[in-house]
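Q: Following this message is one structure expressed as structure tokens.
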Amino acid sequence: MSYFLGLDLGTSAVKCILVDERGAVAGSHSVEYPLDQPHPGWAEQHPEDWWQGTVQGIRELLDHTGTSGVDIIGIGFSGQMHGSVFLDADQAVIRPALLWCDQRTAEQCAQIEQAVGVDELGRLTGNRALTGFTAPKVLWLRQHEPEHYARVRHLLLPKDYVRLRLTGALGMDVADASGTLLLDVAARRWSQAVTERLDIPLDWLPPLYESGEIAGRLLPEAAALTGLAAGTPVVAGGGDQACGAVGVGVVREGIASVALGTSGVVFVHDDAYQTDEAYRLHSFCHGVPGKWHRMGVMLAAGGALQWWRRHFAHEELARAQAEGRDVYNVLTSEAAAAPLGSEGLLFLPYLTGERTPHPDPKARGGFIGLNLRHGKAHLTRAVLEGITFGLRDSLELIRASGVAVRELRVSGGGARSPMWRQMIADIFGIPVVTVNSTDGPAYGAAVMAASGVLGRDITELCDEWIRIVDRAEPDAARHAAYEPYYRIYRELYAALKPAFHQLSDLAAQG
Ligand code: ADP
């Protein structure tokens, strides 16, 4: 039997999975590495830790599954996006990488929007300048560590650095490159206009590939370290969002996904490049060649429910332990007993500010409409409904562009709850499905590897390998009953924004 190796270089760990030629997962293994936060809001990692973790992960996966390296016929990559790996002329790492969640570059984002213009930047790159993106990190290095900046000759994203160590080849896929703010996303090539305006040398940027293209072959020394065979093809892969979407089969128009983890991501496949007028959705190249995607990001989705559980679910936790159940299962059963709309109660989920559709770090959460009849079950239900309304905001931006979404594929911790899946179907008015592949971005990376090695379409492979295992149909009456609640929800952010900002400023003063 031959296998494809999917590697997902995450923020806390690298996950390695083996997928056989029929698409079945034959084994998986993760190795963790540290995250440094040298100052509040900063987040850095050492590329060497990624490399060591990947080598160890592959070796242990082969060991645990009793697989011989020669049976691995292709390798694909997924990875945390946006991180900046600065390399010198000898391809040596100059300083730790600044990660996607690093917040130090607010000033540089403003400078970029000033230098390029918000509209021009949006037109060219499909996005506004956000602190997580790569280009602001380059400007930060130039302004704060000029001695390091002077040595830079290559700029890579995290997974591309590990592929460089495996293959000796510099490269980046267009899906992940979309998060640099330096890519002409519509044309799928580096943007000369943006790099010139920001004074970033174009020759620091690596050759570009589509996700399923072979971007290098395993070096003999990397083969010796990992136990794989020298010459094994390594495809370009993609950023974790694109790989996660491929991993659940979001590879044609009309199909969207919701990744319901700590944050929430609504992701839709686009056959043509599209943006919304204020660039509230991110527009990126997809991992499917010649296709694009848009996504909305909600900062506290499952994170808001987790906050609720941590502080207010002590009784539920005790009950869960006594009954041998998951505490989220107890919470969602309780919420199911409260009526739809939580008897006139709405929850705003902006607990850590918001990204889509309100890019506002000072947005705040709240319960609106409390009365004496409300008890714990109402509040828990309102939290679930509020998070779901927040996700629907992204869907509405997608719908406004004329794309009709007919199926939603859900994944992540929140997707474990049948009650929540039905609520999403009812609030969105769209069928919600779960699929057999639950290995997320690592699975998408393996699909990309298979595509490159077997010379097959990613879409075709997804159709063959990924099956729907559960489907929740929207209930028309419940959908109609949710509509007035959603309309009120949509008006609350604008109405409360001044209060959110004042409260956030007061809290910051201590
Ligand atoms: P991360 O984004 O941190 O990887 P996960 O995808 O594991 O997170 O999702 C974790 C979140 O999923 C939790 O914070 C919680 O909100 C939600 N969750 C986990 N299990 C359940 C469940 N059984 N029912 C409802 N929500 C759940």
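Yeah, the Cβs are placed from backbone N, Cα and C, and that goes for glycine too.
A TrEMBL annotation is a machine prediction, not a hand-curated record.
Residues annotated as active site, proton acceptor in TrEMBL: Asp240. For Met81, His82, the entry in TrEMBL reads substrate binding site. Taken from TrEMBL, the feature domain 'Carbohydrate kinase FGGY N-terminal' applies to 3-247. Annotated domain 'Carbohydrate kinase FGGY C-terminal' per TrEMBL: 257-451, in sequence order. Residues annotated as site 'Important for activity' in TrEMBL: Asp8.
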Q: Does DSSP give Asp8 (site 'Important for activity') helix, strand or coil?
A: strand
Q: Over the domain 'Carbohydrate kinase FGGY N-terminal' (3-247), what is the model's mean pLDDT?
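A: It averages 97.
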Q: Given the recorded positions Met81, His82, Asp240, which lie within 10 A of Asp8 (site 'Important for activity') by CA-CA distance?
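A: Checking Cα-Cα distances against Asp8 (site 'Important for activity'), the recorded positions within 10 Å turn out to be Asp240.
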Q: How many other Cβ atoms sit within 10 Å of the Cβ of Asp8 (site 'Important for activity')?
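A: So the number of other Cβ atoms within 10 Å of Asp8 (site 'Important for activity') is 31.
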Q: Please give me the CB contact count at 10 A for His82 (substrate binding site), counting all chains in the structure.
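A: Looking across every protein chain shown, the total is 27.
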Q: If you draw a 10 Å sphere on the Cβ of Met81 (substrate binding site), how many other Cβ atoms land inside?
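A: Neighbour count, Cβ to Cβ under the 10 Å cut-off: 25.
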Q: I'd like the number of other C-beta atoms within 10 A of the C-beta of Asp240 (active site, proton acceptor), please.
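A: A count of 30.
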Q: May I ask for the distance between Met81 (substrate binding site) and Asp240 (active site, proton acceptor), taken between their Cα atoms and rounded to an integer number of Å?
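A: Answer for this pair: 7 Å between alpha carbons.
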Q: According to DSSP, folded down to helix, strand and coil, what is Asp240 (active site, proton acceptor)?
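A: Once the DSSP labels are grouped into three classes, Asp240 (active site, proton acceptor) ends up as helix.
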Q: How many whole Å apart are the CA atoms of Asp240 (active site, proton acceptor) and His82 (substrate binding site)?
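A: His82 (substrate binding site) has its Cα 10 Å from the Cα of Asp240 (active site, proton acceptor).
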